[in-house]
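Peer 1: Here's a structure for you.
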């Protein structure tokens, strides 16, 4: 096991506090002209390891599959069934897939990415007004939600907003990206309901099963900004983790960096023009009793000269009150395949996930029977 060198002059707690109190995030560091990554962002080399060469039996696993959703209007039952089978295989083996012809216009995707850039590239004084660690706020701008609990900080800033089930009031959102956030989240909600129909059928259930379980009821939007990193081999954009959602819809940038971990190996996710990246979250793995899997993933530090942006929309009600208990779906368990997880509320799962932070271990282990 690697031992981290201890510097007696390095006061991590003080440096974290000083960084947070600037209220300008990683973007503020870059704007100030830093040429070295501060120690609070240094990750152990074991966490930064580059992908090992694939053994011969895994060479066929190039990357996550890309699935055509037919504009969400399958006129041909065979094409719909083919898409369901592709989703079934991807959700069971990868937990990730890209979708094209998904029904969200390319123009809207570009406007959403521009909205993220516009917010993060405002003046520091304007951004500071939104910076907070009060997680009860509707709109939140900060750097690293787990800054004070994670082993190392990530080279990334984020703004987040709960978009459903309670739609935010216009005055809750920054004017610079207000309209596009509202419109984009509506489109993602519609796409999510459609995907949950296909996922239900892939499980052998009625099309409305997962939607009736309120899997598509809540939506949390996280808009990430990854500034160029002067020493990308020392840190990460996002640490290794799995998502505490039912499903995540990710709008990526042309600048690549996302990697998915499968069978002990890291796979790059390539840019596919106009595609959205879909991944199974922990809660969907839990209720499907491991029929679908929530794989760990990470984002490498940005080596480009331009900032990388992404928008992750998580289908979950998070820490908002929701008394419904979630456990393995009754139709998916039997004497031969008993429940593997205990029941939990979404709030309890999210609270445990947030307290644990992005430490490279799955929160699902805590809920195993």
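Every residue, even glycine, has its Cβ placed from backbone N, Cα and C.
Sharing the record's features from Swiss-Prot:
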{"type": "BINDING", "residues": "241, 243, 297", "note": "Fe cation binding site"}
{"type": "DOMAIN", "residues": "217-318", "note": "domain 'Fe2OG dioxygenase'"}
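I'd like these features described in context: how deep, what's nearby, how far apart.
Peer 2: In the three-state DSSP classification, residue 241 (Fe cation binding site) falls within a strand. Sequence-distant neighbours of residue 241 (Fe cation binding site) (same chain, 6+ apart, CB under 8 A from its CB) are 296, 297, 298, 358, 360.
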Peer 1: For the recorded Fe cation site, enumerate neighbouring residues of the same chain (Cβ within 8 Å of the Cβ centroid of 241, 243, 297, site residues themselves excluded), in sequence order.
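Peer 2: Apart from the listed residues, the neighbours are 238, 240, 242, 248, 279, 294, 295, 296, 298.
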